[in-house]
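Pulled from Swiss-Prot:
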type	residues	note
COILED	256-308	coiled coil
COMPBIAS	190-201	compositional bias 'Basic and acidic residues'
COMPBIAS	202-212	compositional bias 'Acidic residues'
MOD_RES	Ser16	phosphoserine
MOD_RES	Ser17	phosphoserine
MOD_RES	Ser19	phosphoserine
MOD_RES	Ser85	phosphoserine
MOD_RES	Thr86	phosphothreonine
MOD_RES	Ser118	phosphoserine
MOD_RES	Ser169	phosphoserine
MOD_RES	Ser203	phosphoserine
MOD_RES	Ser206	phosphoserine
REGION	1-122	region 'Disordered'
REGION	134-212	region 'Disordered'
Amino acid sequence: MALRPQRTFRRRQVESSDSDSDSDGAKEQSAEEPASAGGRTEGAERPRGARSARGRGRVWASSRRSPGAAPRGDGGAECRTAELSTDEEEGTHTLTGSKGDRSPSSDSSCSLEERDVSPIVEIPDAAFIQAARRKRELARTPGDYISLDVNHSCSTSDCKRSNEEDPESDPDDHEKRILFTPKPQTLRQRMAEETSIRSEESSEESQEDENQDIWEQQQMRKAVRIPAGQNTDLSHSSKSQTLKKFDTSISFPPVNLEIIKKQLNNRLTLLQESHRSHQREYEKYEQDIKSSKTAIQNLESASDHAQNYRFYRGMKSYVENIIDCLNEKIVSIVELESSMYTLLLKRSEALLKRRQDELKCESSYLQQLSRKDETSANGSLAVDEKDQRILEEIEARRMQRRQARELSGSCDHQEGMSSDDELSPAEMTNFHKCQGDILQDCKKVFEDVHDDFCNVQNILLKFQQWREKFPDSYYEAFVGFCLPKLLSPLIRVQLLDWNPLKMDSIGLDKMPWFTAITEFMESSMDDIGKEDGSDKKILAAVINKTVVPRLTDFVETIWDPLSTSQTRSLTVHCRVAFEQFASENEVSKNKQDLLKSIVARMKKSIEDDIFIPLYPKSSEEGKMSPHSKFQERQFWGALKLFRNILLWNGLLPDDTLQDLGLGKLLNRYLIISLTNAVPGPDVVKKCSQIAACLPERWFENSAMRTSIPQLENFIKFLLQSAQKLSSSEFRNEVSEIILILVKVKALTQAESLREERPLEPLPAQSTGV
């Protein structure tokens, strides 16, 4: 816009006023009248600066007057200029109604000056001036205010021109506010400013042409006198141009999507950050609420804490008391165990010594009997009184056992198969008396102790209550690993009168402590959520720590492998004990020690107790001879040990049993005795008894065509016996030999023997031949 700056106008105004005052006084005189009129108008609006306002009005009037214009035309131009500036100022800071009210008065005053050249104009009253001034101040105060009334707004160029043409609208010097920093702009102002700058840059040439045309029109309006009608049209055209320019300045440019997208993204980021902060605050508040509720519950359950404390304190006191009690009683328990063990050991040693002495005495007697030169003249032997007494006792006990078998109906029993473990009445009385005294002392151990501290079931109930009420602390205390050691003294007391070598002894699974521990474990298995496996191992641990060591002591010093009753009872109790280790992957040292003791004891029995003498054929004539009877008793005694060894099938490894039973006993003693005997039905019967003792599990494999290596000597003896027996007299015995071969899986030998000797069809057992 080609408008001249305000300072340039002022400078030219001052110069023109000075030149006019020096050169032409008449022109100044004619110009002062309209100027004074304009000055009075401004003076009414601003009473405190009336004189300066009138001076400025004269300067404006003189500077805009054309030199060649007539006085009347100059006056009209000056009036229109003053009125135009007044209209622009009022249009910017006042309402439309005020401007409409003042415009007719201004037009009428101007027309009167043109027609009558009268200096009289309408002066607004003080209230109107004060209200207009107040509105201007309020309009200037909010920097981001944009009026929505287009009639009251103006374009940027019009506002600038209004300010340039009407410097009197500026506040006085003492009312001006000095700005040291740029006034902050609002977002709408910045957008409008950027929009106007881009529009000015894009249409710079057209804007300059338009501004030039406007400036020329203004200059022509100043220089040429325009009639009233034309002035009105010009005023309307100026207003329409102003409105048009206003519309152009406030209209928004085409939308830039990148800027909008960026602003939306920024706004979205701010909202998301705000949402996250609110979410964090919300979570914090929720956590505070939870902690508050927990605190409330803790405070409300303060009584439960008191009860828990009393329970733990009572449990601690209970455990301390039971430990003190057991520490005090363990000395008496050990003494009683030692007394009972000593009593049983003395009895076992006495029986073993008696058997060995009787064996030596009888063997010596038979040796003397075989020597003809040692006999006396009347044919009797010179026997020591002691040996004679031993022989009489041996024969008396045999008579008693024979009578007992006849009463029981066991007529097929062989001499030597029974256990010679009978005691004399005096010895039995003394033994039972000592055993009763020990058991009586055992009852007095916990006589002064409450059942809650000496009864296994009551103790486990206490710990079961702990496990049910506070399982976490129960399992954290590893109670399941401590209970076996805690219960061990009490179980040892119950095992004090338990003899695993007696058939009538109570089984382990029938004992009260066994039942109580089993129930405790079953209740633990019901609590699946908290079960850690320690309670399931309590019974196995108790047996491993308490029962197995006691079994080991019995095996090492008291057990007699030649006793079938003791061996059967011992194997039954060992199977019950070993069943508890079936699910355990770890190897128990106590169990291995027990198995080693069993093997060692059987080896010792084979070496010390087995003796089968070989007499000359002449000494064995007749089955009723002393030599023949003694040899038969010793053979059947060895066969009984062979059978007792094989009773450990399933408890001891197969290779160990085969080495003991077959290698050390069958091949070394039994086969030699059979080879020295005369072939016949008795030999076949003994072979059948040997085959009956062999475990069937060793021959379950249907693909086997040959027997186990340790039975090779036995199979050869069977074939030799079958060859010596004639088919006509011993047909049944040969068939029995074939059945024995089939049982021990010597199928090839059985088939060859059957082909050599055509016999009757074999029973169902030999269908595999």
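Any Cβ shown, glycine's included, is placed from N, Cα and C.
Per-residue pLDDT, averaged across the coiled coil (256-308), gives 89. Per-class residue totals from DSSP over the compositional bias 'Basic and acidic residues' (190-201), listed helix then strand then coil: 12 helix, 0 strand, 0 coil. Neighbour count (other Cβ atoms within 10 Å of the Cβ, all protein chains): 9 for Ser206 (phosphoserine).
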